[in-house]
Amino acid sequence: MRLISSVNEMMAWAKEQRRVGHTIGLVPTMGYLHEGHLTLMRRAKENCEKVVVSIFVNPLQFGAGEDYEEYPRDLTRDSQLADSAGVDVIFAPAVKDMYPKGYSSFVEVEQVSDHLCGAARPGHFRGVTTVVSKLFNIVRPDIAFFGQKDAQQLAIIRRMVEDLNMGIAIVGVPIVREADGLALSSRNVYLSPEERKAALVLSQSLKKAKELIAEGEGEAERIRQEIIKVIEAEPLANIDYVQIVDNRFIQPVERLEGECLIALAVRFGKTRLIDNLVMEVSPNDSHDA
Ligand code: AMP
């Protein structure tokens with residue numbers, strides 16, 4: 001496995017791969033790799049001849065007062081893990097190479113970014129779509145892999161690729177969880193043992209929602225209130241948002257129909273965690289209780 005930190009070197013490597021006819025898969029990450037990231041990498045390896053994993057804690061997607069400085073970083077450990085997953089290149093550029101002096105170009109995807117984390121973290125998705133566009137231009141992958149864990153991000157990237165005719169296939173990979181249900185996240189290391197236990201309300205509340213929908217509940221607000229009840233029963237949990245939207249345009253729905261996304265953001269102390277559930281609901285599945 002090769003470690004590349006220069007943008008020009010990355011472009012040259014990718015160009016050579018394309019010249020010899022290799023397909024390239026890209027897995028964008030912020031590093032501090034865990035099994036969720038590794039699942040994306042293995043999926044990429046199954047589908048592409050060469051796999052590039054980018055590791056870049058992108059300052060542009062962090063707001064003032066967020067955890068840009070504290071975000072965990074360990075390139076040595078990440079390199080070993082990526083190597084074991086069959087990755088060909090880790091691309092870990094420096095901030096000044098990605099955003100040199102005078103940098104002025106940004107990519108913004110409207111509407112799909114109106115709600116959820118788009119509303120809770122102003123400027124966040126502008127940072128994400130800008131860096132992902134740059135990574136796409138640098139690597140020019142055939143396929144890029146993103147986790148369902150960041151459901152709104154995935155919907156926004158799909159929209160961007162379609163709207164801007166980027167010609168890159170986007171593969172979404174299901175959420176990887178701990179045995180007890182907590183979705184894996186690099187930010188889980190921030191949690192104290194008490195907060196780690198409390199964080200189980202995320203997956204528990206989604207499980208409750210799933211049960212309600214299976215019983216025929218189709219009214220979004222009622223499901224939302226039940227989720228809120230489960231989360232609020234945990235004293236260490238502070239809700240940022242609980243929302244039910246359609247999974248493509250990420251707009252609030254009143255009744256569950258088609259592919260719906262139930263998305264949560266909850267704080268435990270200083271740590272903000274997200275989780276979600278995608279449900280395909282046919283109109284006949286739900287009825288008024
Ligand atoms: P991050 O390093 O947190 O920016 O994540 C990089 C990629 O890994 C994103 O596409 C995430 O959605 C994905 N990812 C993070 N955690 C998980 C998880 N638990 N399961 C599946 N994918 C994940």
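Cβ coordinates are placed from backbone N, Cα and C, and glycine is handled just like the others.
Remember, TrEMBL labels are computer predictions, not curated facts.
For reference, TrEMBL has these:
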type: BINDING; residues: 30-37, 147-150, Val176, 184-187; note: ATP binding site
type: ACT_SITE; residues: His37; note: active site, proton donor
type: BINDING; residues: Gln61; note: beta-alanine binding site
type: BINDING; residues: Gln61, Gln153; note: (R)-pantoate binding site
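Sequence features annotated in TrEMBL and their locations in the structure.
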residue	record	Cβ contacts under 8 Å, 6 or more apart
Met30	ATP binding site	Ile55, Phe56, Val57, Asn58, Tyr71, Ser186
Leu33	ATP binding site	Ile55, Arg77, Asp78, Leu81, Ala82, Ser186
Gly36	ATP binding site	Gly147, Lys149, Ile175, Val176, Ala183, Leu184, Ser185
His37	active site, proton donor	Val27, Thr29, Val53, Leu81, Gly147
Gln61	beta-alanine binding site	Gly123, His124, Phe125, Arg126, Gly127, Val128, Val131
Gln148	ATP binding site	Leu154, Gly172, Val173, Pro174, Ile175, Asn276, Val278
Gln153	(R)-pantoate binding site	Cys117, Phe125, Val128, Phe146
Field: Where Met30 (ATP binding site) falls in three-state DSSP terms
entry: coil
- request: With the Cβ under 6 Å from ligand 1 as the test, give me the qualifying entries from the binding-site residues Met30, Leu33, Gln61.
  value: Met30
